[in-house]
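Some features that Swiss-Prot has for this protein:
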type	residues	note
BINDING	His2	Ni(2+) binding site
BINDING	Cys73, Cys76, Cys90, Cys93	Zn(2+) binding site
Amino acid sequence: MHEITLSQRALEIIEQQAQQAGARRVTGVWLKVGAFSCVEASALTFCFELVCRGTLAEGCELHIAEQQAECWCDRCQQYVHLVSQHVRRCPHCNNDQLQIVADDGLQIQRLELE
């Protein structure tokens with residue numbers, strides 16, 4: 001379960017940003033998770049709540065959005081976007097030999113601070 005490690009790293013960054021802004025509390029966090037990152041949203045939510053206990057982010061509202069993966073199709077010679085790691089076929093030519101170009105893992109998109 002790498003969700004715990006991702007949650008810990010995200011919290012470190014969130015706390016740094018909150019302290020730099022002089023915030024007393026983090027009330028909301030918006031995360032974007034790559035489609036092929038193998039991150040389970042429910043596990044990430046559980047782990048994030050766990051690591052936030054006793055911190056500025058305890059009790060904050062967590063919002064998770066999934067990001068499409070950008071892939072290159074050699075057969076079509078074009079970029080395609082895929083939402084699920086379970087469907088790795090080009091929507092134009094049905095090629096299953098796609099090269100993943102961008103799937104940005106986990107990104108902190110926005111923080112809500114008090």
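Glycine is treated like the rest: Cβ placed from N, Cα and C.
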List of residues, in chain order, with Cβ under 8 A from that of His2 (Ni(2+) binding site) and at least 6 apart: Cys38, Val39
Among Cys76, Cys90, Cys93, which are binding-site residues, the residue with the most C-beta atoms within 10 angstroms of its C-beta: Cys90
Sequence-distant neighbours of Cys73 (Zn(2+) binding site) in its chain (C-beta under 8 A, six or more apart): Tyr79, Val80, Cys90, His92, Cys93, Asn95, Leu98
Other same-chain residues whose Cβ falls within 8 Å of the Cβ centroid of Cys73, Cys76, Cys90, Cys93, the recorded Zn(2+) site, in sequence order: Asp74, Arg75, Gln77, Gln78, Val80, Pro91, His92, Asn94, Asn95, Leu98
Cys73 (Zn(2+) binding site) - helix vs strand vs coil (DSSP): strand
DSSP-derived class (H/G/I helix, E/B strand, else coil) of Cys90 (Zn(2+) binding site): coil
